[in-house]
Amino acid sequence: MSTSVTPVPASTSPAFPGGTVLGYPRIGRRRELKRAVEAFWAGRTTAAELEATAADLRLATVQRLVELGLDPSDGSVPGSFSSYDQVLDVVATLGAVPARFTPLTDAAGRLDAAAYFTVARGAGDDAPLEMTKWFDTNYHYLVPEIGPDTPISFVDDRFVAAFSEARAAGVVTRPVVVGPVTFLALSKAADGAPEGFRPLDRLDDVVAAYADLLRALAAAGAPWVQLDEPALVTDSVDVAFPELSDAVARAYGALATDLTAGTDRPAILVTAPFGDLRGAPLAGGDARDGLALLAGTDVDAVAIDLVKGAVPTGAVAGLASKTLVAGVVDGHNVWRADLAAKLDVVDSLAGLGAGAVAVGTSTSLLHVPHDVDDEVFGGPGTPGTVLDPRLRDWLAFADQKVAEVVTLARAVVDGRDAVADALAASSAAVASRATAEGVVVPAVRDRAAALTDDDFARGPYAERAAAQSARLDLPALPTTTIGSFPQTPEIRRARAQWTKGQLSDADYTTAMREEVARVVRIQEDLGLDVLVHGEPERNDMVQYFAEHLDGFAVTANGWVQSYGSRCVRPPILWGDVQRPAPITVEWSAYTASLTDKPVKGMLTGPVTILAWSFVRDDQPLGDTANQVGLALRDEIADLEAAGIGIVQVDEPALRELLPLRRADQPAYLDWSVRSFRLATSGVEAGTQIHTHLCYSEFGEVIGAIDGLDADVTSVEAARSRMEIVPELRGAGYARGIGPGVYDIHSPRVPSVDEVTELLQLAATSIDPRVVWVNPDCGLKTRRYEETVPSLEHLVAAAKAVRATL
Ligand code: GLN
Ligand code: ZN
């Protein structure tokens with residue numbers, strides 16, 4: 001008898017749960033974490049008190065997820081808490097702290113609570129880690145700085161401790177960690193790193209540290225760990241796909257193949273949220289296929305985004321040994337799903353040949369508010385944050401989405417009949433939304449359908465420039481501001497009282513008009529050439545318009561983390577957009593009545609309004625943008641009729657909404673530019689259109705900025721020392737430019753000489769006749785003590801440079 005060796009099973013992975021969510025909001029239903037960290041920063045509480053609040057919040061979160069139907073025993077519940085940022089948590093775990101902060105670490109290389117926040121927020125001359133947008137969300141992460149000598153090893157057990165803490169409370173979580181490849185792809189080279197060094201050069205060190213982390217999680221009893229690798233779906237990281245794919249093969253070879261599942265490591269789920277893992281061929285290369293790439297590794301489960309990404313077809317080699325987590329529930333938007341349709345998608349994945357298919361969210365639920373039931377629903381037309389009652393049925397925030405996943409998972413296991421009522425209810429809700437009054441407004445549709453190319457175009461610039469210069473009679477290098485003046489404590493107090501009903505509409509309006517009058521006097525005293533009203537009446541540049549347009553709702557508690565302790569409450573754009581009445585006209589007309597100087601009206605552009613809202617998902621974004629564009633077009637026509645000769649339409653989010661994949665960018669740039677032109681092209685030649693963009697690195701949008709066809713474009717430029725001016729001209733832009741000469745992001749007051757020097761740089765690199773003089777951005781976050789002297793210096797510098805022309 002021959003002795004045959006029994007093959008060792010390739011993996012002893014536990015089964016992946018039938019349903020899960022990729023992450024959950026961590027700020028707290030009532031922003032408890034925000035309050036706790038801010039109290040700690042202010043020195044009002046100790047690190048121990050902060051940690052106690054954070055622990056309560058973690059516990060409440062995992063218990064809530066179990067209550068909503070996730071299994072407490074198998075790793076269904078994500079352990080996705082962070083006190084500030086998930087990327088910073090990896091920095092802390094690896095001790096990968098930039099040299100300027102290493103004095104804050106202990107002997108083992110760890111950051112305590114205070115030091116952790118110092119890396120996030122900076123201290124004295126030590127700048128914090130840079131912050132930037134997390135893929136196509138409005139969340140911002142901290143950018144790690146990695147050099148050849150950055151310490152990297154597994155020094156901090158925060159992920160393990162959070163797992164053990166939940167386990168002690170009876171919930172076996174699945175720790176959620178940014179994956180090693182994405183971590184490095186998002187990092188920047190540390191200052192002083194040699195030419196040619198790239199953070200990805202440290203992959204082996206990072207992977208070795210992750211291996212230790214996985215060993216520690218396995219030892220603590222974690223059945224699963226989730227490693228997020230969204231870098232795989234994007235063209236927006238600095239690492240090209242072939243290189244990413246090589247890094248993935250190396251990293252997961254070391255983590256999944258070399259470590260034994262169940263003993264050395266938990267089973268590994270790799271997620272790829274925010275887009276399609278497969279994609280159009282790269283220029284001159286092969287089609288990218290991140291799904292085949294991940295399927296070819298020894299990880300145990302792969303989660304794909306089936307909301308942003310296409311539904312894959314065809315057998316995928318290697319998937320047979322894995323669970324495919326079908327991200328069918330949208331983690332990034334607030335609409336209730338049609339569960340039967342989602343089940344069809346799940347069913348259609350059978351042909352891929354995965355070992356099992358589970359149900360998941362497309363992304364972490366970090367990007368949506370906690371709970372629809374935290375909102376107040378009243379009758380239609382109820383003011384403020386009381387929502388139209390029909391929205392209750394149409395919306396799904398994080399908690400509702402967990403329930404959707406649980407229902408879908410049950411249908412996969414027990415059949416659709418087991419959840420027939422839930423399926424019927426969800427289909428009914430989706431159907432009621434599709435036909436509801438206000439969702440489709442025939443008048444809006446008819447107007448959009450009748451648009452022609454002429455509605456998107458103004459006359460030749462030369463004619464406009466001549467008409468405008470005759471009308472406005474401005475000096476060379478005209479001075480202006482970006483719109484807002486400081487929002488003083490008095491303004492905020494008045495608004496808070498008004499919102500609570502303690503101040504009448506009339507008294508509130510009077511208080512804001514007094515503020516406008518004050519802002520006009522200040523600008524006249526300063527000698528600015530083009531005046532603004534200062535925007536005191538606006539709580540936020542998007543919410544203000546959402547409150548005044550049909551088709552939007554504003555929530556009471558729909559907070560979403562933007563970064564750190566900062567939260568935003570995005571409006572919900574649910575229906576066809578119309579302007580029931582003029583919004584800003586009275587404010588601008590009143591302002592104009594107070595001065596002989598030209599007054600600039602101030603609006604937020606369609607792209608920015610969409611970017612900072614939750615937008616309906618039942619029609620192309622471009623159609624929605626055009627509806628907003630038409631509403632703004634009417635507003636601009638009314639401003640023009642009221643005698644306002646200059647209107648600024650802010651588009652700070654133009655670059656933000658740029659799709660992650662290059663192949664998708666031209667279509668985006670086309671509709672975004674068209675919506676702006678639709679808003680702004682109804683005016684006479686003599687009416688001057690400005691736009692403002694909050695940044696100085698234009699990249700892929702530089703052509704689009706020219707395409708906006710604004711008469712004057714103001715941009716951030718002080719920090720980058722006017723580099724953008726010749727760049728913009730080089731890209732063909734040939735109209736007015738207002739490069740910011742005063743950096744409003746700092747409380748510093750720039751001297752006359754400094755501003756003069758910047759202005760001279762601009763005025764000598766291009767024709768000075770097109771240059772405007774303005775700050776980098778709005779002044780609302782500054783104080784008058786800084787604003788007034790800074791603007792004085794700005795005006796003085798303009799006069800000095802004018803004299804040299
Ligand atoms: N007009 C706005 C302001 O001045 C512009 C803000 C922005 O660019 N984000 O506040
Ligand atoms: Zn700005």
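All positions are counted from 1 along the displayed chain.
Here the Cβ of each residue, glycine as well, is placed from N, Cα and C on the backbone.
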**Item:** TrEMBL 5-methyltetrahydropteroyltri-L-glutamate site partner of Arg31, Glu32, Leu33, Lys34, Lys133, Asn138, Arg566, Cys567, Trp612, selected from Glu515, Glu524, Glu656
**Value:** Glu656
**Prompt:** To which of Asp371, Asp650, Asp664 does TrEMBL also attribute binding of L-methionine at the site defined by Ile482, Gly483, Ser484, Glu535?
**Reply:** Asp650
**Prompt:** Of Gly483, Ser484, Trp612, which binding-site residues come close to ligand 1, meaning Cβ under 6 Å from one of its atoms?
**Reply:** Gly483, Ser484
**Prompt:** Any idea what DSSP makes of Leu33 (5-methyltetrahydropteroyltri-L-glutamate binding site), helix, strand or coil?
**Reply:** helix
**Message:** Out of the binding-site residues I have (Asp650, Cys694, Cys777), which ones have their Cβ sitting under 6 Å from ligand 2?
**Reply:** Cys694, Cys777
**Request:** May I ask for the distance between Ile482 (L-methionine binding site) and His745 (active site, proton donor), taken between their Cα atoms and rounded to an integer number of Å?
**Result:** 13
**Prompt:** Where His692 (Zn(2+) binding site) and Asp650 (L-methionine binding site) are concerned, what is their Cα separation in Å, rounded?
**Reply:** 5
**Request:** Using Cβ-Cβ distances, find the residues under 8 Å from Cys777 (Zn(2+) binding site) that belong to the same chain and are at least 6 apart in sequence, listing them in sequence order.
**Result:** Ile482, His692, Cys694, Glu716, Gly740, Ile744, His745
**Prompt:** When you measure from the Cβ of Gly483 (L-methionine binding site), which residues in the chain that are at least 6 apart have a Cβ under 8 Å away?
**Reply:** Val532, Gly534, Glu535, Lys600, Met602, Gln648, Asp650, His692, Gly778
**Fill in**
Cys694 (Zn(2+) binding site) has its Cβ surrounded, within 10 angstroms, by a count of other Cβ atoms equal to 21
**Complete:** As a whole number of Å, the Cα atom of Leu33 (5-methyltetrahydropteroyltri-L-glutamate binding site) is distant from the Cα atom of Ser484 (L-methionine binding site) by 30
**Request:** Specify all same-chain residues, apart from the site residues Ile482, Gly483, Ser484, Glu535, Asp650, whose Cβ lies within 8 angstroms of the center of the Cβ atoms of the L-methionine site, ordered by sequence.
**Result:** Thr481, Val532, Met541, Met602, Gln648, His692, Cys777, Gly778, Leu779, Lys780
